[in-house]
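Working notes for the structure below.
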Protein chains: 2
Amino acid sequence: MGSVHVQTMSKQYEVRIDTGLRHQVGALLKELLQPVSSVLIVTDSNVAPFYLKDVIQSFDESAVVYDYVIESGEASKSFSVYEQLLTKALEVGLDRKSAVIALGGGVVGDLAGFVAATYMRGIRFVQMPTTLLAHDSSVGGKVAINHRLGKNMVGSFHQPEAVLYDTDCLMSLPEEEWKSGFAEVIKHGFIRDEAFLKQLEKEWTSFKTISVERLNDMLARSISVKADVVSEDEQEHGIRAHLNFGHTLGHAIEAQLGYGKITHGEAVAIGMLFALRLSEEMLNVNFHIEQYENWFLQLGYRTKIPASLNRERLLQTMSKDKKVEAGTIRMVLLKRLGEATIVNIPPEKIRVLLDERMEGAHG
Amino acid sequence: MGSVHVQTMSKQYEVRIDTGLRHQVGALLKELLQPVSSVLIVTDSNVAPFYLKDVIQSFDESAVVYDYVIESGEASKSFSVYEQLLTKALEVGLDRKSAVIALGGGVVGDLAGFVAATYMRGIRFVQMPTTLLAHDSSVGGKVAINHRLGKNMVGSFHQPEAVLYDTDCLMSLPEEEWKSGFAEVIKHGFIRDEAFLKQLEKEWTSFKTISVERLNDMLARSISVKADVVSEDEQEHGIRAHLNFGHTLGHAIEAQLGYGKITHGEAVAIGMLFALRLSEEMLNVNFHIEQYENWFLQLGYRTKIPASLNRERLLQTMSKDKKVEAGTIRMVLLKRLGEATIVNIPPEKIRVLLDERMEGAHG
């Protein structure tokens, strides 16, 4: 079992990491959320058949527990599903002492968290991530829905009361999901914890055989990095932007391919290698990128920009990233392993390296 | 000119009260919001013809200024208008350094404020109230939209960067609007400032002739009470609930008559007299209610519960008020003039006094 403490301006809370936590939710919430008048569990059509019943049964008979199952997938982070959830909350009579439980991956966490952030101007919520990728999104209080003109464009900062991470849920995930989530783990090493990065390189060369101990340890350490960053900068006025390492190009690749055509983590992996190369060019360092590229390939990642993508369109999306003010291309680079920095890059530099990192460019 | 300072946990800001402020918005924002990349003015179809042009022209040519005019009226505090505004914000490219200006009454302030609270997880906004009632809603950071199952059920706490109150806008308001807003002014006297209440009784016996000096002074003092309460309790965990004085019955009257059939202030006036009577019964005090009833009548208020309303339905709504936890009827009463307190009331007590305060009950 692991535990990470998160301390922000607006709230402090604990991330518990352990097998079988889903069977203890009722008891844990009694301890963490007293008093709670009623609970709404939000989950999706993939997760519900496996874990919803366990969570419901963890409450004793006096508890008032409702649930709502959304369709799995990014399309549920919509205005209409958001409104449906608020309607459900009103119909069952959630009040200011109620809580929302987000049982699922990032989509469920973001959506249910935004419902909790805005229902009656904010009620409490608890994150129960069921994917590896959600180890990242469930910590830090960023909640949002999508707009057809942009992902996560409508949302809040609303910290959970607790994150309960039942690692049993990860064991049955397909390899694609491991790959997608593990890129964020590696990112945490790159931007803030070199020793952790080295350990990952040594211990994680495949997702085929994973021990619970190694998994819990890895999650606790990865979440610690996220928690530290969020503690220093809850609302992304400064160093929280370092978490975007690999994401400026990553988002552009996802957007141009169409969301869902490549996993988030795979796009971020390509973006991180690009950002390492750019760091070498801009900051006069040498990261021996071949070594990381080989590791990524061993883990099954693509490492180059898909050849079907258009360079100028990638560049345009990168410069319109919502983290970027009008015109300039600000990117997170590494000064050295474990230390990130933000640099304004001339588009010309980026063009050259986009070409270099295209599939087939060296081959 | 008046000025009130608001200091909350999350932000401090100034409420400026003066004639002609709408002509100075551009210059004031340069001072208050540096840097601001672009501005979206949200206003409604009643206000736009009178003041929108003045506000736009107050900016110099280098400023990037957009505007969006909603239909006036409570129906605009809907999910669909909320989404339309977010679409507008994305289409014109508002970014994290942009600001929203809410030019109008409570509907515009609540809606535009909620857009600002959730666009890209929160951008800055400025309140420009144009009604007397909005002197109350524009200060304190409560923003929201309505759901068909309840008013203000979806929202946030999001403090403005500033409140710019151009009192020219009030001079042309119809008497109904004065009556509606003035009830909140009186409320501020009742719950926290007896001397202010006495002054109001003496100086305000009609809305026919109003001097700018008297108006500015009254607004500054009324807003000071609101600012003090909000400063002590931004998110309504405690004494902010005192602002609900007169509102538990007031809301029930509005809900049962149908919103728009009676002004908010008129319903609150009836609610305040009811709460005074209930205070006498519960707290062993004597407020000489006839004196307030006569003053209210002189100002043109109704003072009794409309005879068409059903007592049990009022009671039910009062006990389901969202400020109330399951079952109990918590109401704000006065221990003495200028000092509020919260009391749990047995429904039976309320029944008796509802009967007493019905139109026609005393002949």
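Quick reminder: no glycine exception, Cβ is built from N, Cα and C everywhere.
Note: TrEMBL annotation is automatic and uncurated.
Keep in mind that this is a model prediction, so the values were computed, not measured.
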Given that TrEMBL lists A:H247, A:H264 as binding Zn(2+), which residue among A:E175, A:E184, A:E194, A:E339 does it place in the same site?
A:E184
Using Cβ atoms only, which of the binding-site residues A:E74, A:G106, A:V108, A:E184, A:H247, A:H264 are under 8 Å from chain B?
none
Looking only at the domain '3-dehydroquinate synthase C-terminal' (A:181-324), how are its residues distributed among DSSP helix, strand and coil?
100 helix, 1 strand, 43 coil
Set of same-chain residues at least 6 away whose C-beta sits under 8 angstroms from A:V108 (NAD(+) binding site):
A:V42, A:T43, A:D44, A:V47, A:I70, A:A102
As a whole number of Å, the Cα atom of A:G106 (NAD(+) binding site) is distant from the Cα atom of A:H264 (Zn(2+) binding site) by 11
Quick one: DSSP breakdown of the domain '3-dehydroquinate synthase N-terminal' (A:68-179) into helix, strand and coil?
43 helix, 35 strand, 34 coil
Taking the centre of the Cβ atoms of A:E184, A:H247, A:H264 as the Zn(2+) site, the remaining residues of that chain with Cβ inside 8 Å are A:L133, A:D136, A:A183, A:K187, A:G246, A:G250, A:G265, A:A267, A:V268
Do me a favour and check the Cα-Cα span between A:E184 (Zn(2+) binding site) and A:S72 (NAD(+) binding site); whole Å is fine.
21
